[in-house]
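What follows is a set of notes on a single structure, which appears directly below.
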Amino acid sequence: MVSDAHGKHAHHPPQFSPQDADDALSFSHYEERCPHFEEIVHKKVNQWFKKDYTLAAALIRLHFHDCSVRGCDASILLKHGGSERAAKVSESLRGFNVVDDIKAEVEKKCPRTVSCADILTAAARDATVMLGGPFWEVPYGRRDGRVSLAKEADVVPMGRENVTYLIEFFQARGLNLLDLVILSGSHTIGRSTCGSIQSRLYNFTGTGKPDPTMNPKYLNYLRRKCRWASEYADLDGTTPRKFDSTYYTNLQKKMGLLSTDQLLYSDSRTAPLVAAMASQPTLFYQQFAVSMTNLGNVQVLTGDDEGEIRTNCNYVNR
């Protein structure tokens, strides 16, 4: 366990390496157990994507929130009072219905075989591909966790943290500086509620003024768009429906939507990586597959002694 910021070990969290997961996870895990698993996921994600393209970004985000708390163990999917799903940070999460739909179909073909954690990981990969992003092979064999606590979800970044917090958050999960900058690049698609940026637009750090680091034209545009906190704004204001490296060129133009986006370009630790991605789009594309693989390997539960294979993703097995 990584102790919290008030714990005496806060500065030295135990280092977990996503590579540790490789011993237990396997590319051939379902080859005999459930040969049509990936086919089912692909078909279902495609069907939902055609109905509502915003679900693709939602699935990638859901996967990130899952892996951020207790590792990629589908703890975000558990539905009970006081679960991660009930936390404030989880309010705008979507895509649960897609996972449930895939699970129902998989259970028909291969009962009690495929974990919800593996389903969400595969769905996030397929969602990336459907948006025009890279494909990568996903190793399988994750088990589903039995514990989900709302208070543990409070550590997940909300868009208002500083870069040091983000770096430490990633490092505690065995992810590095490059993973932070690359996975932030998933904001090349998707949107945010205007509530997350109200303070940047009107009352930055209690000054009663907007964030001075924001592009003035972009600021005016967002003030018109975000009259209500419940409205949405695109995370990439230039090519919102395209998976590309424009997210990084936006940061160079002071057009990051969340302050956590913009800070990546003003912090000396992350700025060189932002510049590299802005100038080398194919590098971002290739590295996104690597960083998503690393994310999907965070603190996974494997083997019979850990976790279970849920029959319904919303509830632990009876």
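Using the three backbone atoms N, Cα and C, a Cβ is placed for every residue, glycine included.
Features of the protein shown, as given by TrEMBL:
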{"type": "ACT_SITE", "residues": "H65", "note": "active site, proton acceptor"}
{"type": "BINDING", "residues": "D66, V69, G71, D73, S75, E84", "note": "Ca(2+) 1 binding site"}
{"type": "BINDING", "residues": "P157", "note": "substrate binding site"}
{"type": "BINDING", "residues": "H187", "note": "heme b binding site"}
{"type": "BINDING", "residues": "T188, D236, T239, D244", "note": "Ca(2+) 2 binding site"}
{"type": "DISULFID", "residues": "C34-C110", "note": "disulfide bond"}
{"type": "DISULFID", "residues": "C67-C72", "note": "disulfide bond"}
{"type": "DISULFID", "residues": "C116-C313", "note": "disulfide bond"}
{"type": "DISULFID", "residues": "C194-C226", "note": "disulfide bond"}
{"type": "DOMAIN", "residues": "24-317", "note": "domain 'Plant heme peroxidase family profile'"}
{"type": "REGION", "residues": "1-22", "note": "region 'Disordered'"}
{"type": "SITE", "residues": "R61", "note": "site 'Transition state stabilizer'"}
Listed binding-site residues D66, S75, D236, filtered to Cα within 10 Å of C313 (disulfide bond): S75
Cβ neighbour count (within 10 Å, all chains shown) around H187 (heme b binding site): 24
Env. residues of Ca(2+) 1 site, Cβ within 8 Å of mean position of D66, V69, G71, D73, S75, E84 Cβ: H65, C67, S68, R70, C72, A74, I76, G145, S148
Sparsest-packed of the listed binding-site residues (S75, T188, T239) - C-beta count within 10 angstroms: T239
Between C34 (disulfide bond) and the residue listed as 'heme b binding site', the C-alpha gap once rounded to whole angstrom: 33
Distance [Cα-Cα, Å, rounded] between H187 (heme b binding site) and C67 (disulfide bond): 17
Largest tally of Cβ atoms lying within 10 Å of a Cβ, found at which of the recorded positions C67, V69, C72, C194, C313: C72
Residues satisfying Cβ distance under 8 Å from H65 (active site, proton acceptor), sequence separation of at least 6: I76, E84, V89, S90, L93, A153, V156
C34, C110, C116, C226 as disulfide-bonded residues, winner by CB count within 10 A: C116
Distance, D244 (Ca(2+) 2 binding site) to C116 (disulfide bond) (CA atoms, angstrom): 29
Distance [Cα-Cα, Å, rounded] between S75 (Ca(2+) 1 binding site) and T239 (Ca(2+) 2 binding site): 33
Which of D66, D73, E84, D236, D244, all binding-site residues, has a Cβ with the fewest other Cβ atoms inside 10 Å: D244
Candidate nearest D236 (Ca(2+) 2 binding site) in space, where candidates are the recorded positions R61, G71, C72, C110, P157 and distance is Cα-Cα: R61
Extra residues within 8 Å (Cβ to Cβ centroid of T188, D236, T239, D244), Ca(2+) 2: I189, T238, P240, K242, F243, S245, T246, Y247, N250
